[in-house]
Amino acid sequence: MTGPTSPLPTTRLLVSVSDAAEARLALAAGAGLIDAKDPRAGALGALDPAVITEIRDAVAGRATVTAVTGDHTTIEAAVAAAERIAATGVDLVKIGFPAALDGAALADALESLARRHRLVAVLFADEEPDFGFIPVLALAGFAGVMLDTAGKSGGLRRHLPDPALAAFVARAHRRGLMAGLAGSLRAEDLPVLAAFGPDLLGMRGGVCEGYDRTRPLDPVRVAEAAGLLAAPAALLAGGVR
Ligand SMILES: O=C[C@H](O)COP(=O)(O)O
């Protein structure tokens, strides 16, 4: 007789959407997190708060809703944008920490907001991120940390080797932070990355028509990605067939 098995760590699929119609499509196809983002406006292109509210209402509590705050060149602008997006009432606010900004100063400036809203810091794999920064985020009250890519010409795994990605996830978890990975991921990346135990894997281009992040979502690709993360561990370990 076999005893109860320990639950598998759950990795959920985050899909970036540009409006409420895409949010409904991603939800129906199995996404666990719906991420409000304007893919035409850069890596962390922010949507208008009114559109984010429509997305949140369309999801209506059936998935976690996240929203990005835009690409900013000053700490003041980044904090003001984070406050504006947090006011829409999304579950998680994703804030970019580009190399050009002083990360410690930005984390410090966001401490007050972190007490009122759940914040996720986005570090960029193509900007030589310092994982030693993760404890700073934890102390500032962040809920999570993600790796993404600022430029969309190469995928996450082209910029950082798999052992570094696994170490990133482990380090975030040790500090009590949710961990996410994204950056031009394709279906074949999901089983490999899910094995590192992140809380979420984020996709846009890989689930769009023509693998073009500025084109509409392809429901078949979203369903395939969601299905891969829902697959039993043995299948995940075997990779995509
Ligand atoms: O947060 C997830 C991103 O929107 C991923 O976008 P991407 O797959 O086009 O790099």
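Here the Cβ of each residue, glycine as well, is placed from N, Cα and C on the backbone.
Features as listed in TrEMBL:
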- Lys37: active site, schiff-base intermediate with substrate (ACT_SITE)
- Lys94: active site, proton acceptor (ACT_SITE)
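Annotation note: Lys94 (active site, proton acceptor) sits in a strand segment as assigned by DSSP. In this structure the alpha carbons, written CA, of Lys94 (active site, proton acceptor) and the residue listed as 'active site, schiff-base intermediate with substrate' are 10 Å apart.
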